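S.K.: Got these off Swiss-Prot a minute ago, pasting:
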COMPBIAS  376-407  compositional bias 'Polar residues'
DISULFID  C105-C180  disulfide bond
CARBOHYD  N14  N-linked glycosylation site
CARBOHYD  N18  N-linked glycosylation site
LIPID     C322  S-palmitoyl cysteine
REGION    363-407  region 'Disordered'
TOPO_DOM  1-31  topological domain 'Extracellular'
TOPO_DOM  55-64  topological domain 'Cytoplasmic'
TOPO_DOM  87-106  topological domain 'Extracellular'
TOPO_DOM  129-148  topological domain 'Cytoplasmic'
TOPO_DOM  170-194  topological domain 'Extracellular'
TOPO_DOM  220-248  topological domain 'Cytoplasmic'
TOPO_DOM  271-283  topological domain 'Extracellular'
TOPO_DOM  309-407  topological domain 'Cytoplasmic'
TRANSMEM  32-54  transmembrane segment
TRANSMEM  65-86  transmembrane segment
TRANSMEM  107-128  transmembrane segment
TRANSMEM  149-169  transmembrane segment
TRANSMEM  195-219  transmembrane segment
TRANSMEM  249-270  transmembrane segment
TRANSMEM  284-308  transmembrane segment
Amino acid sequence: MDNVLPVDSDLFPNISTNTSEPNQFVQPAWQIVLWAAAYTVIVVTSVVGNVVVMWIILAHKRMRTVTNYFLVNLAFAEASMAAFNTVVNFTYAVHNEWYYGLFYCKFHNFFPIAAVFASIYSMTAVAFDRYMAIIHPLQPRLSATATKVVICVIWVLALLLAFPQGYYSTTETMPGRVVCMIEWPSHPDKIYEKVYHICVTVLIYFLPLLVIGYAYTVVGITLWASEIPGDSSDRYHEQVSAKRKVVKMMIVVVCTFAICWLPFHIFFLLPYINPDLYLKKFIQQVYLAIMWLAMSSTMYNPIIYCCLNDRFRLGFKHAFRCCPFISAADYEGLEMKSTRYFQTQGSVYKVSRLETTISTVVGAHEEDPEEGPKATPSSLDLTSNGSSRSNSKTVTESSSFYSNMLS
């Protein structure tokens, strides 16, 4: 892998650096039109969908939870990559010529790595948050401020990882065209290039997916393998069901990312195994297809949220209410019904003590996509992915639930 969008120096570096021909990869106009339509779908769907996701969360107070702040970061990274890189990737891959100057060459090689890093580690943060909420429900949860700090740290690390590729990017004039390339420091075995590519692949793909896989495996075993006590109230059944729905949704999001990006990483590791592969005439079409699949990962999450989460579905219906084929939705499902909005477990606990009951931390930040507004909002607050917050459960009920869930 020469980088994360576009390919180092040219679509096919082994050819572009060793030939005097202007461009050996020219395809018929009808193919270009088809590919242009396919890439346009990505840009429009991703930008519009992710902007709506950010609006749904940030414009509605009850949607501002720890999990959803990370989803905002994920949506921002994906919308930005779709807007700033997809079209440029497509035109460069089709024409094999760089039209955008030195600055954008550096940005184009720099930003996608940072965006993908921010995306996958936002998913990792959500997995960690779900893990702590379900496996260690008594532990303190992240506050809104701490969540924002984590997001800033993610972006700082993302920019640091992407910096070398942006720094060494440059443009070069070849016979009849200009190409955008990465000039790594000279070394007989290209050791700097290889080490960097391997590190990037591990850090933005394999490592976070392993961490996420472990977290959701443990969470899944806890949620699905445990029996809910028969004498438990409907509230507990609803809370466990809510947790399961959120975990299912995030597993779909992560699996979609993994499937979309796996062929891309394999494609760019193959030159180290079979350098002659890039000499094949069909490789341009293969690259366009693999790149389309990778970039399409930016447009699926809004669709997943809309399909699997009632709150997001209400938000999308409201955002597109002007469309004749969109039925009117109960928009109040996104609004704050209760004036008692608790951001942390500590505040829930303190209020519960004043009410002479003991607050349960189960579900303190859990999302319940299927929950609707309750008749008694003073004792129940619903959050984003449907988080249901029970502010007054007895010690007996809580202990019974914990012992069963953690057994």
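Note that Cβ sites are derived from N, Cα and C of the backbone, with glycine treated the same way.
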S.K.: Go through C180, C322, the listed recorded positions, and name the one with the sparsest Cβ surroundings, counting other Cβ atoms within 10 Å.
M.R.: C322
S.K.: At a threshold of under 8 Å on Cβ distances, which of 65-86, 107-128, 249-270 pairs most often with the transmembrane segment (149-169)?
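M.R.: Answer is 107-128, with the largest number of Cβ pairs below 8 Å.
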S.K.: If you skip the near sequence neighbours and keep only those at least six away, which residues in the chain come within under 8 angstroms of C105 (disulfide bond), Cβ to Cβ?
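M.R.: For C105 (disulfide bond), the qualifying residues are W98, S169, T170, T171, C180.
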S.K.: Could you give me three numbers for the topological domain 'Extracellular' (87-106), the DSSP helix, strand and coil residue counts?
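M.R.: Its residues fall into 15 helix, 0 strand, 5 coil.
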S.K.: For the topological domain 'Cytoplasmic' (55-64), what does DSSP give as the number of helix, strand and coil residues?
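M.R.: Helix, strand, coil within the topological domain 'Cytoplasmic' (55-64): 7 helix, 0 strand, 3 coil.
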S.K.: According to DSSP, which of helix, strand or coil covers C322 (S-palmitoyl cysteine)?
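M.R.: For C322 (S-palmitoyl cysteine) - judged by DSSP and reduced to three states - the answer is coil.
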S.K.: Kindly assign C180 (disulfide bond) to one of the three DSSP-derived states: helix, strand or coil.
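M.R.: Looking at the DSSP assignment, C180 (disulfide bond) belongs to a strand.
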